[in-house]
Amino acid sequence: MPKYRSATTTHGRNMAGARALWRATGMTDDDFGKPIIAVVNSFTQFVPGHVHLRDLGKLVAEQIEASGGVAKEFNTIAVDDGIAMGHGGMLYSLPSRELIADSVEYMVNAHCADAMVCISNCDKITPGMLMASLRLNIPVIFVSGGPMEAGKTKLLDKIIKLDLIDAMIQGANPDVSDEDSNQIERSACPTCGSCSGMFTANSMNCLTEALGLSQPGNGSLLATHADRKQLFLNAGERIVGLAKRYYEQDDTSALPRSIASKAAFENAMTLDIAMGGSTNTVLHLLAAAQEGEVDFTMADIDRLSRKVPHLCKVAPSTQKYHMEDVHRSGGVIGILGELGRSGLLNGDVHNVLGLSLPETLARYDVMVSDDAAVKSMYAAGPAGIRTTQAFSQDCRWPSLDTDRQEGCIRAREFAYSQDGGLAVLYGNIAEDGCIVKTAGVDKGSLVFRGPAKVYESQEAASEAILGGKVVAGDVVVIRYEGPKGGPGMQEMLYPTTFLKSVGLGKSCALITDGRFSGGTSGLSIGHVSPEAASGGLIGLVRDGDIIDINIAGRGIVLDVADSELAARRETELARGAAAWTPVARERQVSFALKAYASLATSADKGAVRDKAKLGG
């Protein structure tokens, strides 16, 4: 029978000092022996997805205490990728994932906490906490802040839906008036919550639900809606039960590694492909799998991408649907229901509620459930009122969207495509693979051949695009922006956005060893592995080289003779210590980022730290 971890600090005469300190935090004799639950919050006033979380940790803590546990809250950092975008701040985004994971480990292990409730929301915070959860393998429940309501405004006598990406595109479009650009900017992000499309934050929150580590509805229920409060109350109550099941009954099914098994990872990736999630999710799932010692690799993602249909198209791939529309259609469980009916899911998995996948679908899939409370929850809709307050409105859609032919979520026979919204490409330029969000690619660009325009920073590429140096038919190559080469694997949202702004969004391709925002669409291929800084062939591409891309064939090839590539490699190696670094790039890199780069692996490994360098 496992012993409560917290007993290390609460039992025995030699722990009198520790107990004295616990008493100073408010604990009493009656509390020693109860499970100590870490409430891992990520409140910050820097991030709209987290600005409303200040009081939610207290809400969870009160429920933990009422359910027989002891709650102790701490906070992690949280970087807003949108605010950090387009300047040196983006170098810190991906490395912050590792810092978050480590800080959770440090706090939980230093104080011997027994279990956790992770209150996350945005891009690197959910993955960082997920990595820590699987590393620590103690009972955990995720409950996120929830999605932002979609923005809405009236232009040319027409009401249109908006999000952050619209503000970025129109702000850089010289044909849009200052007045219209300002109106879009002011309307794009109306409430607290994670940005309203299927960007990285919402994609990851959907995936924690598919993994079984959060409750049904967590990935899609709006941050502003009163119904979301129940998810936090349930999490506080449920985590005490999970802790007692494990520590008092030796029930290992309560542990995250039992819940997030390989079968669960495959289900999560299947969902991701079906909903056309952010390409960043690939990076984060691979990293989380390594922490949980799950044998889940790029090969598994490639295999799944060839058989899973694209069932749900959401912004930025279309402006018709946002997360509030996904929720109205049944949310994550609605998509899983369609996948389950197509025989594409592993049923032998369970979630933090203790329900198997078939049980979860029977209760929460709006297409089959007869539970009025479930249907009412999925009818929770937007209010259209600017606010930074959680649970501030109780509006409901007049009806659910159960149209599986032309609605937000489609049945397999009416899929947008029979192969899904993400694909892995291989070829000489990406021997270990690269990722493209096919959900956002125009059908006319699925096969593309063009000359390379090579840049060694996203800043140089952006300047060239806006300066008219990139023309239709070009393949923009941005290298030395990988985990090691950047360092930090910046998101290339500005170059892809600027391609759209100058009318080249459907007539150019972009490939990079960096990554993309969840807001990216178009023929944007990222995570090229191995990266240039690790000797990858992308580091040998020259201006004018022809690059062939075939998404259906899952191929990406640099059309240069092997003998020429071998000669280029010798030339590069002759640079000595400067080999596999940018030729001319001015970039200030801090000691902290250099430390990150020294251990970073390429994207096909999840950009995690190289354990071999540490003897692990």
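Glycine too: its Cβ is placed from the backbone N, Cα and C atoms.
What Swiss-Prot says about this protein:
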type	residues	note
BINDING	Asp81, Asp123, Lys124, Glu491	Mg(2+) binding site
BINDING	Cys122, Cys195	[2Fe-2S] cluster binding site
MOD_RES	Lys124	N6-carboxylysine
ACT_SITE	Ser517	active site, proton acceptor
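Locations of recorded Swiss-Prot features on the structure.
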{"residue": "Asp81", "record": "Mg(2+) binding site", "DSSP class": "helix"}
{"residue": "Cys122", "record": "[2Fe-2S] cluster binding site", "DSSP class": "coil"}
{"residue": "Cys195", "record": "[2Fe-2S] cluster binding site", "DSSP class": "coil"}
{"residue": "Glu491", "record": "Mg(2+) binding site", "DSSP class": "strand"}
{"residue": "Ser517", "record": "active site, proton acceptor", "DSSP class": "coil"}
For the binding-site residues Cys122, Cys195, the largest set of other C-beta atoms within 10 Å encircles the C-beta of Cys195
Shell list (Mg(2+); ref centroid = CB of Asp81, Asp123, Lys124, Glu491; cutoff 8 A):
Val79, Ala84, Met90, Ser93, Leu94, Cys122, Thr200, Asn280, Ser517
For the residue listed as 'active site, proton acceptor', which residues in the same chain are close in space, meaning a Cβ under 8 Å from its Cβ, but six or more apart along the sequence?
Asp81, Gly82, Met85, Phe199, Thr200, Ser278, Asn280, Glu491, Met492, Leu493
Using a 10 Å radius around its CB, how many other CB atoms surround Asp123 (Mg(2+) binding site)?
34
Counting Cβ neighbours within 10 Å across all chains shown, tell me which of the binding-site residues Asp81, Glu491 comes out on top.
Glu491
Starting from the Cβ of Lys124 (Mg(2+) binding site), draw a 10 Å sphere and report how many other Cβ atoms land inside it.
30
